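What TrEMBL says about this one:
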BINDING   A:ASP33, A:ASP77, A:ASP220  Mg(2+) 3 binding site
BINDING   A:ASP33, A:ASP77  Mg(2+) 4 binding site
BINDING   A:THR48, A:ASP49, A:ASP124  Mg(2+) 1 binding site
BINDING   A:ASP49, A:ASP77  Mg(2+) 2 binding site
BINDING   A:HIS56, A:ASP272, A:TYR329  substrate binding site
BINDING   A:GLY123, A:ASP124, A:ARG150, A:SER222  ATP binding site
BINDING   A:ASP223  Mg(2+) 5 binding site
DOMAIN    A:32-142  domain 'PurM-like N-terminal'
DOMAIN    A:154-309  domain 'PurM-like C-terminal'
Protein chains: 2
Amino acid sequence: MDETKLTSGEDALIARYFQPLATDPGAFNLVDDAAILKPSADDLVLKTDAIVEGVHFFPDDPPDTVARKALRVNLSDLASKGAIPAGFLLTLALRSADDAWLAPFARGLGEDAARYGCPLLGGDTVSTPGPKMISIAAFGRVPPGRMVHRSGAKPGDRIVVSGTIGDAALGLDILKGGAVAKALAGDVAAREMLVGRYRVPQPRNALAQAVRDHASAAMDVSDGLAGDLAKLCAASAVSAVIDAPGIPLSAPAAALLARGTVGIGTIVAGGDDYEILCAIPENRVEAFAAAAGQAGVAVASIGTVIAGPSAPKFLDAQGREITLKHLSYSHF
Amino acid sequence: MDETKLTSGEDALIARYFQPLATDPGAFNLVDDAAILKPSADDLVLKTDAIVEGVHFFPDDPPDTVARKALRVNLSDLASKGAIPAGFLLTLALRSADDAWLAPFARGLGEDAARYGCPLLGGDTVSTPGPKMISIAAFGRVPPGRMVHRSGAKPGDRIVVSGTIGDAALGLDILKGGAVAKALAGDVAAREMLVGRYRVPQPRNALAQAVRDHASAAMDVSDGLAGDLAKLCAASAVSAVIDAPGIPLSAPAAALLARGTVGIGTIVAGGDDYEILCAIPENRVEAFAAAAGQAGVAVASIGTVIAGPSAPKFLDAQGREITLKHLSYSHF
């Protein structure tokens, strides 16, 4: 509803920052109205996730980390579904065409697109009077019928997670100046590691093939391990028992938990982990661990799927059930 | 960065309003992390377009019209590329989960998804402190290599548009209380028609097959006929001469133009038309018009493609070139 303009700043912005990223022939150099994905025998896995300034990232987060987060939260979903990235569409809502923000944003986006083999295929750039927002629709491929679902977990399966849990929630606490920030006031390295885990997820796309080969059910941990496990169990019509001390933690997270700076609730309900949570049949756990090792990703078995409709239980070192005040993050 | 919650309002919102729309088996009832499009021999056409409250629609626009506009601006692109809709992903950014807004929004979205055969496959719902924003990624299918491009127009081709041009710009002027609102103060029917054209585009998906069969180049008119024609010509490395009096106008638009309430510039640079603009080889114009007639869509030949790098010219009834102050809408 702005006035029209003789020259299109939007076109110039796209040409300057995003055309260099559109290396895939199906992107038509971003000068057409749409992109193409060529047919293949695979199923196409479709995912969209958006991040909003002030909600999913801070206004002063480095722009390249904002771009990486926007793409990686989607790549993480593709990984957990066993899919190989094929490309993405970008929607970018900005108050103004600010070169100081756009240049590093586009650079970070392009680097990650190359790193994960997920080219920019097209997009839309719109003005907004509000917070910046980046919405990405990402596409991946799996052999027909082989997408790994949330449903499919069976009693007796092991519950396995990749990487470490809780770091991003602790990093967020640091950025908000909370208890973790105070506890780690003298430990720059730990603070930077945790903040980095919040700002720049490490999607486990290297695990996609292993998940597809071995998992009976999988999803990524984005809203908190406890809540996401509850969703996986509900979709599979099962329950689970988790050995809380077996949840893999980074050294700073383990120290903060041991010192009582944070409770286990912050670790398992904080969200933004972007690790893979999956159910692996007992007789495949070894093969899955071996494949994960080959892929260079640590995985840990943290519990067992059991029958029944009850919510998953988290047990402490003494086998007592831990009461969780919250399970996960929710927008509404 | 809100506090986590025990129960997920986001999940409840999705279950209540959007699961009923997710009728396609590839949507997995919106309870998984991703959707699937099954393989086919066709190319998959990918498009994303977003609309922002206060930019592309008014805060008090009826929610069902906001939903329809969000989907239809994408459907319009698919139509202009000759593609048949296959489904879409929805990103919805809201300040709160307001039932009074969400219920009609979801109803309008579902009705249009059914009408255009473009099912909801998945999405993301996020909170924002800012304006509402709806970003849709839409998918369509064309036979391999048959997507209609902006490039491909050849000297001698006729320039053809569907429907009528300029109505949406006049509708926007009415909503802003401009000169058109005053001129039509006594004509409710005309005001409602023009406002309707702004709020609810009429994408020409019925023309997709005819465009694919006959057009040498095509795009939809979203940012203004003049600017979009300039883009089509630039992509095709041609120019064009347009007979401005031949541009199809609705009766209210023609009357407003004749009375001098608006100039031709408002008509051809206003945007939001969501009509199809295409180049049709001379020897196919008749067949294209016949196919359009069969599809129930009016089309009008408004000019001719000529060789050369100059910007397209709009000529008046006396053959004099019309100077346009603006060509189209730009966000930046």
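Any Cβ shown, glycine's included, is placed from N, Cα and C.
Taking the Cα atom of each, A:ASP77 (Mg(2+) 3 binding site) and A:ASP49 (Mg(2+) 1 binding site) are about 9 angstrom apart.
When the binding-site residues A:THR48, A:ASP49, A:ASP124, A:ARG150, A:SER222, A:ASP223 are screened for a Cα within 10 A of the Cα of A:ASP272 (substrate binding site), the ones that qualify are A:SER222, A:ASP223. Among the binding-site residues listed (A:GLY123, A:ASP124, A:ASP220, A:ASP223), A:ASP223 has its Cα nearest to the Cα of A:HIS56 (substrate binding site).
Residues A:GLY123, A:ASP124, A:ARG150, A:SER222 are recorded as binding ATP; their most distant pair of Cα atoms lies 31 Å apart. It is 13 Å from the Cα atom of A:THR48 (Mg(2+) 1 binding site) to that of A:GLY123 (ATP binding site). Cα of A:ASP49 (Mg(2+) 1 binding site) to Cα of A:ASP223 (Mg(2+) 5 binding site): a distance of 13 Å. With respect to A:GLY123 (ATP binding site), the closest of these binding-site residues in Cα terms is A:ASP33, chosen from A:ASP33, A:ASP220, A:ASP223. The binding-site residues recorded for this entry are A:ASP33, A:ARG150, A:ASP220, A:SER222, and the Cα of A:ASP33 lies nearest to that of A:ASP124 (Mg(2+) 1 binding site). Reduced to three states, the DSSP call for A:THR48 (Mg(2+) 1 binding site) is strand. Note: the Cα of A:ASP223 (Mg(2+) 5 binding site) and the Cα of A:ARG150 (ATP binding site) are spaced 15 Å from each other. According to DSSP, A:ASP124 (Mg(2+) 1 binding site) is assigned to a strand segment.
Counted with DSSP, the domain 'PurM-like N-terminal' (A:32-142) comes out as 35 helix, 44 strand, 32 coil. Note: the Cα of A:ASP220 (Mg(2+) 3 binding site) and the Cα of A:ARG150 (ATP binding site) are spaced 10 Å from each other. The Cβ of A:ASP124 (Mg(2+) 1 binding site) has 23 neighbouring Cβ atoms from other residues within 10 Å, across all protein chains displayed.
Cβ-based neighbour count (10 Å, all protein chains) for A:ASP220 (Mg(2+) 3 binding site) stands at 26. Around the Cβ of A:ASP272 (substrate binding site), the number of neighbouring Cβ atoms within 10 Å comes to 23. Across the domain 'PurM-like N-terminal' (A:32-142), the model assigns an average pLDDT of 97.
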